[in-house]
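Q: Got a structure for you, questions after.
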Ligand code: HDE
């Protein structure tokens, strides 16, 4: 059984997978037919009047083949066009009956099938994965009570407070309409023009320019429902709720230089990472978290709990982890599943309801509307990936691409010919009953006063960042605003972000050639929320990737010990060399090269290891690619390890001087700035332990000053 089959077997018992089985089709060993089932005798030559003559209209096979091809594309999503979908399941830890009657949140033994689509927002379908952007994290739960969609992002707040401005923010951030430049990037005049004219964007911009917007992997991102929803229990009691996904591997990011290089070297970096992890059986896991508030607590905070530009700080309103999602199956067909899946925040089940968050209210209109055009009519719920596992019975009929053959002559209600069936369900029968919220007010086009503070939480976010995270945000401002042509806009960015922090504004100004603010502003807010800093996340080396640089004449004993220890720790390793093929060690043992320098780069690994073996090292020292590999990994703050003669290669690189003091005399492991070395040892145990510990740190920001001098 190959890996792919294995991953499907693990979701075999899942009800959704069982349903999809009816639609899966393999074409191996079959005779070619037309779409009418007629066998085709030749598909390489069209029917012509003479072998050099014109093609004939009557060639039905030619016309059908070309016509189908001509119509193969559907419009890409207006936002979140580039995505990647996977299957999995969700299990609640304990019954949530006290808070919600949603059936899939009652019984820990029930595995609810899910389909998750991760996405970028701005780029088109063929754009690169690693661009600076928000990531979508949409989950469809196929529950017994119908589909529930949690359509989330990896950033907990949004650019705007009212959905009526969505077309504006999207037009501003998408490529400019005259030349369609730049692709998948906010670094241009129209976006920053929108920002400086829309102060409510301030908090979101801080997140967008932070490391959150360049994740290391979809497997290492949080998800946030952003909007405020409601939980309703069996007694009809409601509570406000915000949803979170917490990845068990922690929240980790790339660095900007690496993200940009990856966009060229491997534009599919994130989808490949997820596809490979699932095929290897390293199933990504996320805990579902909820923040809950009693209705009476609605006005207890210095922010409006319905304002989507605000977080509910976890330190004030804790996240309760209520269950776990495991992603264990890749799709069989990208178009059929990932492209045709249709999410909608309005797909809710009894026990989950909405709030008056004005962004959510607008979203409730937009998703169904966009899907009608994108999926060509009102029957897209019949597409296999969108079908609920719960039965569907209603009087809706016809429309483009109707699959169901409805048998009755009755398609209206009320009716007596069919005893009024299909009949509305009572609440006890599971009928969805909207929460009876009391609403009163004049019709107004106005924003609530309680939505007017745009800077306090932007400052809170800034205050919560570590030194390295702050530095990354400043550098991101330098790139983004540095790419803006209009000088006035640049100046207005500086002035706007002076409201967040005076130091921040001064540093932005210094990098983009603007005037620093005359009076450094500070909202006077010193509060922070440690939970939003990635410094405080889970640290684990599991599923990371190590590059091992080797040439002929390496020390096999060293390499094999290290590789075994890595595998035992759930870390993957790959041998990199100048050429593909086999390499031979000093004692005649052979190892296969996984990648050569033209097919990979340090940017695709979390760490680098250089083993001893004089001849291997002598060759590597003459290779610019190998030295560049080390320099670049160092610059990107990654863990670097070298044993015995391997250290000489580090000495020949631009990082010389780090972790090498005394390295040639002492048989002890030295760790300095995430560079781990040991000489004069044959047992690699202590080294690998330190090396794996180093990798668990994700990055070594302590190198900040030194790395600036590295020309990679
Ligand atoms: Fe969306 N969003 N959005 N959005 N959104 C779409 O629906 C929209 C918002 C999110 O993988 C569209 O089917 C409005 C917040 C994800 O298929 C569209 C507003 C959040 C996905 C749409 C928002 C999201 C979408 C485009 C109010 C995080 C991809 C294609 C300002 C909670 C789903 C589609 C997938 C997709 C509208 C804001 C998440 C146009 C009007 C906030 C993950 O309907």
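Easy rule for this one: first residue shown is 1, then count along the chain.
Glycine is no exception: its Cβ is also placed from the backbone N, Cα and C atoms.
As annotated in TrEMBL:
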{"type": "REGION", "residues": "1-52", "note": "region 'Disordered'"}
{"type": "COMPBIAS", "residues": "18-28", "note": "compositional bias 'Basic and acidic residues'"}
{"type": "COMPBIAS", "residues": "31-44", "note": "compositional bias 'Polar residues'"}
{"type": "DOMAIN", "residues": "33-421", "note": "domain 'Catalase core'"}
{"type": "BINDING", "residues": "77, 117, 166, 363, 367, 374", "note": "heme binding site"}
{"type": "ACT_SITE", "residues": "80", "note": "active site"}
{"type": "ACT_SITE", "residues": "153", "note": "active site"}
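Describe each of these features in terms of where it is and what it packs against.
A: Tertiary proximity for the compositional bias 'Polar residues' (31-44) is limited to same-chain residues at least six positions away from its ends with a CB under 8 Å from its CB atoms, namely 60-61, 64-65, 68.
For residue 117 (heme binding site), the same-chain residues lying six or more positions away in sequence with a CB closer than 8 A to its CB are 83, 84, 85, 136, 138, 338, 341, 343.
DSSP assigns residue 80 (active site) to coil, not to a helix or a strand. In sequence order, 119, 120, 121, 136, 138 constitute the residues six or more apart from residue 80 (active site) in its chain with CB-CB distances below 8 Å.
The DSSP secondary structure for residue 153 (active site) is strand.
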Q: Can you break down the compositional bias 'Basic and acidic residues' (18-28) into helix, strand and coil residue counts using DSSP?
A: 4 helix, 0 strand, 7 coil
Q: Among all the protein chains here, how many other CB atoms are within 10 A of the CB of residue 367 (heme binding site)?
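A: Around the Cβ of residue 367 (heme binding site), 16 other Cβ atoms lie within 10 Å.
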Q: Rounded to the nearest Å, what's the C-alpha distance separating residue 367 (heme binding site) and residue 153 (active site)? Just drop the number here, would you?
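A: It is 15 Å, counting Cα to Cα.
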Q: Do any residues at least six apart in sequence from residue 363 (heme binding site), in the same chain, have a Cβ closer than 8 Å to its Cβ, and if so which, in order?
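A: Residues satisfying the criterion: 151, 163, 227, 345, 346.
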Q: For the binding-site residues listed here (77, 374), tell me which residue's CB has the most neighbouring CB atoms inside 10 Å.
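A: The residue with the most neighbouring Cβ atoms within 10 Å is 77.
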Q: Mean pLDDT for the domain 'Catalase core' (33-421), rounded to an integer?
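A: Mean per-residue confidence for the domain 'Catalase core' (33-421): 98 out of 100.
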Q: Among the recorded positions 153, 166, which residue has its Cβ surrounded by the fewest other Cβ atoms within 10 Å?
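A: Relative to the other recorded positions in 153, 166, 166 has the fewest Cβ atoms within 10 Å.
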